[in-house]
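Single-structure report; data block below.
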Ligand code: NIG
Ligand code: FE
């Protein structure tokens with residue numbers, strides 16, 4: 001089925017030939033076509049250009065965009081959307097003065113979510129998570145990465161990963177899966193971290209690989225969680241099974257994790273709220289995408305990733321939500337893009353690049369997602385009537401979405 005969309009005020013993020021990502025000064029450039037059309041066939045973009053070049057075409061459906069703006073759907077490369085229950089009590093504890101660390105130390109945090117998930121059936125976990133998938137699609141997200149890591153037992157980690165697989169099968173949004181067995185140390189292993197890592201590596205990982213339950217591997221490399229040494233051990237093990245690293249690192253402390261994981265060709269390093277000059281330096285010239293999670297900084301009141309310093313040093317940057325029950329109970333990429341502009345001083349062009357093309361790269365989806373390009377997925381947002389694309393981040397706390405198309409279908 002061919003659909004032609006005409007009278008587009010501005011078509012954002014257009015691309016002739018797919019590139020990997022944009023970095024440094026390039027991030028300030030957002031290629032657009034004013035007064036444009038877009039032609040899709042089934043789930044794929046087959047043409048686009050200026051209205052004046054539009055020939056008489058036979059199509060199955062025409063949509064008059066009535067001078068609205070079109071941009072590719074958001075690519076959210078870091079989430080924990082599959083979880084059970086909520087942690088709003090910890091939100092209150094935080095208001096009353098406890099830190100993230102103090103909450104974790106009294107049995108809250110990740111371990112709290114793990115206990116809840118272990119006691120939730122696979123079907124129930126699927127039902128709870130599918131609501132969030134539907135929610136983020138309506139908010140304009142067309143591709144998302146989801147991590148395990150709230151199971152922390154063989155049975156519960158596999159349950160999470162199977163739910164991720166089922167969501168991918170049942171929804172049009174593209175879902176990439178990450179095995180994050182080493183997210184936190186379960187209480188029963190409190191004094192024996194080695195034994196827990198043995199379990200993750202020797203018992204869970206081989207099944208994850210055999211059943212193709214994940215493409216990526218992650219670990220929370222952080223003081224009080226897992227060390228740089230633990231991280232290298234996990235990455236080496238993942239490497240044997242062909243799992244690509246995407247790492248939680250430099251969230252609260254800078255302990256040399258970035259230097260370690262780039263040796264294993266990490267696809268992305270995520271969080272990066274605490275960045276030393278040497279951490280920025282060592283990312284230069286690598287193919288590792290730095291990923292900032294501004295909603296997490298907002299919710300926890302911790303520093304924002306120093307985007308300006310990083311981009312001005314020539315690095316690329318992606319933006320993602322980190323949607324999870326503890327540090328970021330929000331999957332709203334529109335808010336992420338606004339917050340990146342407001343708090344991290346990214347320009348709208350940089351923020352849109354970070355949330356589309358660079359986010360796609362951080363999930364290994366650069367060939368199919370992240371730009372308006374012939375041959376890529378027909379994934380796009382039609383905005384409400386807005387004066388310019390600057391209005392998207394400007395109208396923070398709101399969204400400017402009229403319609404969302406994923407794989408050529410309005411959702
Ligand atoms: O990315 N930092 C580690 N993991 C999650 C938060 C997990 C939680 O608090 O439940 C994050 O922020
Ligand atoms: Fe996370």
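Here the Cβ of each residue, glycine as well, is placed from N, Cα and C on the backbone.
Site annotation (TrEMBL, ligand Zn(2+)) includes 78, 80, 248; from 198, 312, 322, the additional listed residue is 322. Per TrEMBL, the candidate among 126, 150 that belongs to the N-formimidoyl-L-glutamate site alongside 324, 326 is 150. In TrEMBL, the 4-imidazolone-5-propanoate site is described by 150, 183, 251, 327, and among 62, 67, 87 the residue recorded at this site is 87. On a Cα basis, residue 150 (4-imidazolone-5-propanoate binding site) lies 15 Å away from residue 78 (Fe(3+) binding site). Other Cβ atoms within 10 Å of the Cβ of residue 322 (Fe(3+) binding site) number 28 in total over all chains. Over the domain 'Amidohydrolase-related' (300-410) the predicted model carries a mean pLDDT of 98. If you count neighbouring Cβ atoms within 10 Å for each of the binding-site residues 78, 80, 87, 183, 248, the highest count belongs to 78.
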